[in-house]
């Protein structure tokens, strides 16, 4: 030891040998730093032994036992499958984290070095730091390792990851790396690796892993450019041995990089195959050169191999057999003696670091095409040359898919390859690539492939506290922060997310360099369709996007978007309401739409608004100042074509919108053509927005819809729709019951099956096509559900004039536009030539083929076009192929480059000119979907018509459609029409006999009447509300009652229509029209529309020709009425259901009069309809005008609003005792009548006689908070006739005076007294002592007799005018009425006057006199009335007693004297004395019972113990003690009275009496159960237990548990398995589950049901695995059963389940159990292990000593004491142990041994003294 001291010049005193010993003996307690050394050494020894058996290495040479190895047959790279534990390798650091180092290994492999595999001293430091927080700071891994650092390592363990792949766990522990070296084999010049063990004054002690050898490294001998600072504990050093002393016990090292790196290993240094280390430089001779690598000889005659990856690339030609090279040992496989060497310069040069990335930069993840395969190494892989001439290696596994068979020759034969670069291997300095298609096609291979805002799919990997890890691919994982797991913060995310679940996320941000990816699962963000803000430039002012709140400050919220783009929402912009403290309304993580107000990308600042985003419609609408109005002509640019339409940007501001395909044209056949011809980037003009909502703007190009929007023939809102209105829409959906028709502004109406067409239809699908434009007329409105029905029947809708021709022209112009666009776009001559052709043009062609049915032609000009003539068009013409022919063009289809022609002679003839208006018979020549080509008689003229003559025309069968060869009657409108390219424009109709008349004919035959036209006619019928007039042309018109005479001339009550006689001639004017079918008024005033049934007026002022009669819309008419205005109206009908009257002021305006606004006398309410006749004129006042839906309310009573101090009718809607009556008043008012306002003289039951829906007259006092205060007092309703009131109204406190007698109704009874309602605004109070002459213990006694609205007479005691409080008395002496409580209750009287004084003096004396005297005195107290009944109270500490404590005390003392037996109930001492007599053993539970203490029983504030006794409340402590003593005395007396104090109650009655007093005492209940069980009354015992469970208060958990345990015991002994299970399940619901399980387990154990007990314990350790007690309990059980091994296994499970801080205690407890029940030897071992690791746990030492004293031999105990007194703990603790040692020796030892202990103590004290002195 001395020599060691000399050799190590360091500071400080020597460490004690005991300490270092303890460190070595570290046990397997702390899992993190568990050491597997022993296991491994065993394994290694075995491995070495086996080596002899392997056939590869038969040679053994020289006498020194040097082992040689055979050369491998074929050189291949090291595969991961060949890697075994114990293989030594050279590795280099790839990346370093806090707990792990990722290491690049040879041949592209990768390993992991854990923090616990550095070296023993570093692990020890870590353990110490974990145990106590005050040790010195240790160096973290990033300080010890740097990227690129090269070091030796050993494979410590091969783990299998979740995915099934191997993970290589490495270690650099010198004990493992230099395992094969011994102190004897150390020689100077050797290069060894080690770790710094400790830092001394002049240098470092380095752990080189060799037992018995200390290695010292002087500070001067350290020169490392990577670590300029001092070395720290755990630091890895590669050093050269400078000298070896004392037979290898002391070694001096140096670390001077060039010297270390260039030192070649020499055979003299004693290197052999067992101790060869990677990283050594050796001189070698090339023995054999193969295609796949070299085989070398080194260190005399060892064989090694160099694979092709480790041959220096530029020098392959110089490698020849026999050449000398320097090589570096790369890996050593100790079991197979395989040595891998490297010739690469970067490993041979004097540097300790390699490059982690190649010169060309990071290319990992890149997909490279056009790679050439240079060589194939069958066992290893292949080399690829990338296009930039760099090389990459493809491992043999990556030449094919994982599930395919290998076919390397086929791969080699391919000329070009596409590969993905997987990784760069730093040890091999080459890229590793893959040819697997699955890898190349991977969407995300590395973090660079991801962009913020992308929606990705991933798999849940693991849930952490701060979020969730999601794997997007094998090695790309992202973090979903906790706040982003859902739209709201999840308390239990594990319920929503399960490992392996597939989920959809959106990328929030990605940092590819640091491999950090953040994702969100917030639905609002993932599904957001708003533009994403990926940078500040995206956030243009006005744009709206979804963001999430990251921070809430008092000045606003900070909102983040993607890529850390964030902005501030100031307070003013948070909401339309003012927000003062945002944290109340918002939370972090909340998603909001935010609108950009300002953005400065340079400063990265942005101002946002939630308010504007919520108010503005959409991002599109808000983007720019551009206002996209509905109905405005726009231009749009096509951005993208999708199946259903075009995504466009409205110019100039590029607002996004949608143009559906079906909205490109009115002709459905043109829509796909237009879609086809439009390309991205094209500008579409003449589009119009027809609907915009929050999501998107929708555009249309349908000409008819655009016309309706421009002309204003639309309804902008549901409220504008009226019956009879005609609108233009399109088919949205086709259902079996009808079709839905959509209109501009997003309105949708339904055309039922019956209203779709005039014909009968069986199937709706065949009638219309989705998107077809139609004319619709509104037939029904449902105001409530906001729905409407329409009709599409041609007979009921009126086509706008010229509609057919306009549509034809539009359709043909669209086709022309398509042709031009296609011709220009394709840039093909053929299409341009086809576009130049027109209908009717003649061409000269050559016949190509000719058959009976058709002919085809060809032409040099139209090469590639198909030219056809059908059978019908070659009739009567003989054709032969090759013949020249002249044809006429019928149709040109540019899309399919097809031309239809005809050779009919009549079409080929010379054309004759046409005259306007001339009529012809035409023949259909060709049908082209929506169009037909016709020829006009013999004029040789062709023209185009539409196949349908009306928008809504339907063809249910083929026969109804136009076909080629049909005849039509046509009339020329325009002989040569510009828009039809010179063709004639005609109107047509079929010549079929049974045709319907077309619309144009309808209009000519019966012209109809236009608005404002003057007509004459004869009155046909007179009805109360209208007249029917037959007009001159035979049609019928109608006159509304309001249009018969001037409104000013109408008298109240007259009938205007009665003044007109049937048959009289009248002159009238058209002011509107009615619908033919439903006779509804049509307020449509378009000048072009005419009416079949005109609505007329006879009013002279409107018949004047001069005034220009203006049409007024319904809205304008309604808005003319003002509230309060007088109007004349006419009764139209009475609605019996709603009891309302409908009146009309105009043909289209109807008003409503509610019942309460019709009548003034309640008697009229039974038959209000008799008051008014149909058609009668009445004067009304306007109450309210409701614009949506358009109607107005009127009143016929002469008032239109409620006035204060007036009388009005009302209907009782509800009767509430606390409030009175709730009343509905006219004009929407509500009111209440207080009980004090129901009558002038109060009645006992004031609300009787009133029922719901009763109609009454009420007086209105005034309005408060929207409710009227009403009165039914006759003195208010009829002040003249009413008699003086018996109970007058009390309007204020001033009207009252003290001493006055007044009546009132009880409002409520509470602790403060009885509250009495004196008027609707004044409530008085009678305190409890002013309420009754009896003594009441609780206000509930009063509340049972004084229900709300009880009529009482009271006397006013005093009035507090400021507080408006009235104090009342209900006592009989004040009111002269009987007491409010009946005598039958038998309550004691309250003490007054003299008695009261006497009582007070008693109370004072009571404290002085002794208990017995006190008893006598009390018995002399005079009583007014002896108690006959026990007071019925609540045993509840309610706080009532504050007002009158003296009386309570009196009452309390009075009670014991009245009946001494009763006293038992006052104390639980009674029940506690009773013991369970013999006869029934509970086994378990009674011993652990905790009876509720007497104090608890006495003051229990449980509301549930209603059958408890009436208890004294709130006494001083002194009084309580006095009382307790008195109670105790009384009890003694009572017990003496009974035969024997030990005797327990003999019958159920006695138990019941005791239970009344102590309902919460489980002991009593259990005795009661035992009483039944003695008589074997098991059912009764069960019943008692059930009662106990119900009765014992829920707060008394322990008491309840005791009863459950007893019940479990009972079922176990007397019940069945089933009944026991049921009780157990119930007990679990009502009690804490853990104790119940424990108790049942104990019951099973005691009754020897070991199997059941074991089953239960297994459940317990699963369910309560975090609970230490459960494991200990199970352990105890197992050891009692003698199952020691099972208990040991259980301990291991417990240690895994419990938190690590518990482990020491658990082991100690198990050790104690072993001592008690099991093997004390085993217990000793366990204690030993724990205390070795935690020597400072003096508590455990103490326990250990106790157990050893009990179970061990004297020798063992003394040895233990000797260990303890040498612990390095505080003096105080050592002193304690010396004391114990001395005590032990005094008890068990000899005088000599006692003396020895004393001497040891002296030594200890002296040692401490010298230490202190030093």
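A Cβ is built for glycine as well, from the same backbone N, Cα and C atoms used for every other residue.
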Practice item. Look up region 'Disordered' in TrEMBL and report which of 1-21, 85-105 it refers to. Key: 1-21
Study note, to complete from the structure: Here the stretch out of 453-522, 724-793, 1299-1371 with the most C-beta pairs under 8 Å to the domain 'S1 motif' (1012-1087) is 724-793
**Study point:** Structural state census, the domain 'S1 motif' (279-344) (DSSP three-state)
**Key:** 9 helix, 37 strand, 20 coil
Exercise for review: Would you mind splitting the repeat 'TPR' (1668-1701) into helix, strand and coil residue counts from DSSP?
Suggested key: 29 helix, 0 strand, 5 coil
**Study point:** Three-state composition of the domain 'S1 motif' (189-256), taking helix and strand from DSSP
**Key:** 3 helix, 39 strand, 26 coil
Check your understanding: Do you know the DSSP helix, strand and coil residue counts for the domain 'S1 motif' (542-611)?
Key -> 9 helix, 35 strand, 26 coil
Study note, to complete from the structure: The average per-residue pLDDT within the domain 'S1 motif' (1205-1273) comes out at 88
